[in-house]
Amino acid sequence: MKIAVLSRNPRLYSTRRLVEAGVERGHEMVVIDTLRAYMNIASHKPQIHYRGKPLEGFDAVIPRIGASVTFYGCAVLRQFEMMGVFPLNESVAIARSRDKLRSLQLLSRRGIGLPVTGFAHSPDDIPDLIDMVNGAPLVIKVLEGTQGIGVVLCETATAAESVIEAFMGLKQNIMVQEYIKEAGGADIRCFVVGDKVIAAMKRQAKPGEFRSNLHRGGSASLIKITPEERMTALRAAKVMGLSVAGVDILRSNHGPLVMEVNSSPGLEGIETTTGKNVAGIIIEHLEKNGGPNMTRTKGKG
């Protein structure tokens, strides 16, 4: 197969590993800088050009689209779909998962366990919003934040009111969530490929920190997940429409709670921690399911 990898940086661990795994399995792998691809949106012959030449003959595309380039990245991926190229994850599913509020609304509709979450626009509603999530301590999250940036733990209602007012004053969209104390600053990253959780790791926040992101100095270790956690991760990925996803789960007193469904999960942490060839499993999934004109979104967007 001829497989495109949409990535800003060919030297990133995840991009490198996907290329290596594809080449090992006999595929032609081409890394394309997402922001340098440009489109000809013609009625009968949609095209993507790159460095002055049309991109042709691709069977599949692996999107590694960073959060900051979601809009343009999804447009490029959608153009590949219009050309009949099979996407590992579809543009519509990636756009859906990048909107944290929309994601939680979709997951809640399907009865998937979530932390109690509130969202409001007016400062007048802040006291009621805090009560809605069972009061302080609580967590405030900027909707556009990634890697733990823009996430604040407020120990008291007074502190929470001040922080929420400040964010609202800056015209930032935020959501307020109950703090799951029993999770102890740890979460579980379940790596979903197709209809299987192929790997899982526990991420533990460093002392004095509650955010378990590895980018924030958290540590990763092997973990055995329960059947309920496995089912929750698979259902969450399916609701979002993602074939490959990193589903972040908290262990609470009332079962597993989904924090986030990541459409472009990093490979370094999960491969290093579990010793699994995750990149190879992803390429294998593409071989079984992909091929020209097999995209489900063609014509739907």
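Just so you know, glycine gets a Cβ as well, placed from its N, Cα and C.
Here Swiss-Prot flags LYS141, GLU178, TYR179, ASP187, ARG211, SER212, ASN213 as ATP binding site, drawing on sequence analysis. For ASP248, GLU260, the entry in Swiss-Prot reads Mg(2+) 1 binding site. For ASP248, GLU260, the entry in Swiss-Prot reads Mn(2+) 1 binding site, with the evidence type sequence analysis. Feature annotation from Swiss-Prot assigns Mn(2+) 2 binding site to GLU260, ASN262. Annotation comment: Swiss-Prot describes GLU260, ASN262 as Mg(2+) 2 binding site, evidence class sequence analysis. Per Swiss-Prot, the feature domain 'ATP-grasp' maps to 104-287.
Here the features listed in Swiss-Prot are painted onto the structure.
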{"residue": "LYS141", "record": "ATP binding site", "DSSP (3 states)": "strand"}
{"residue": "GLU178", "record": "ATP binding site", "DSSP (3 states)": "strand"}
{"residue": "ASP187", "record": "ATP binding site", "DSSP (3 states)": "strand"}
{"residue": "ARG211", "record": "ATP binding site", "DSSP (3 states)": "coil"}
{"residue": "ASP248", "record": "Mg(2+) 1 binding site", "DSSP (3 states)": "strand"}
{"residue": "GLU260", "record": "Mg(2+) 1 binding site", "DSSP (3 states)": "strand"}
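Averaged across the domain 'ATP-grasp' (104-287), pLDDT for the predicted model comes to 92. Here LYS141 (ATP binding site) is positioned 12 angstrom away from GLU260 (Mg(2+) 1 binding site), judged by their C-alpha atoms. The subset of binding-site residues (LYS141, GLU178, TYR179, ARG211, ASN213, ASP248) lying with their Cα within 10 Å of the Cα of ASN262 (Mn(2+) 2 binding site) consists of ASP248, given in sequence order. Taking all protein chains in view, 20 other C-beta atoms sit within 10 angstroms of the C-beta of ARG211 (ATP binding site). For ASP248 (Mg(2+) 1 binding site), the nearest of the binding-site residues by C-alpha distance turns out to be ASP187; the candidates were LYS141, GLU178, ASP187, ARG211, ASN213.
A simple way to gauge crowding: the CB of TYR179 (ATP binding site) has 18 other CB atoms within 10 angstroms, across all the protein chains here.
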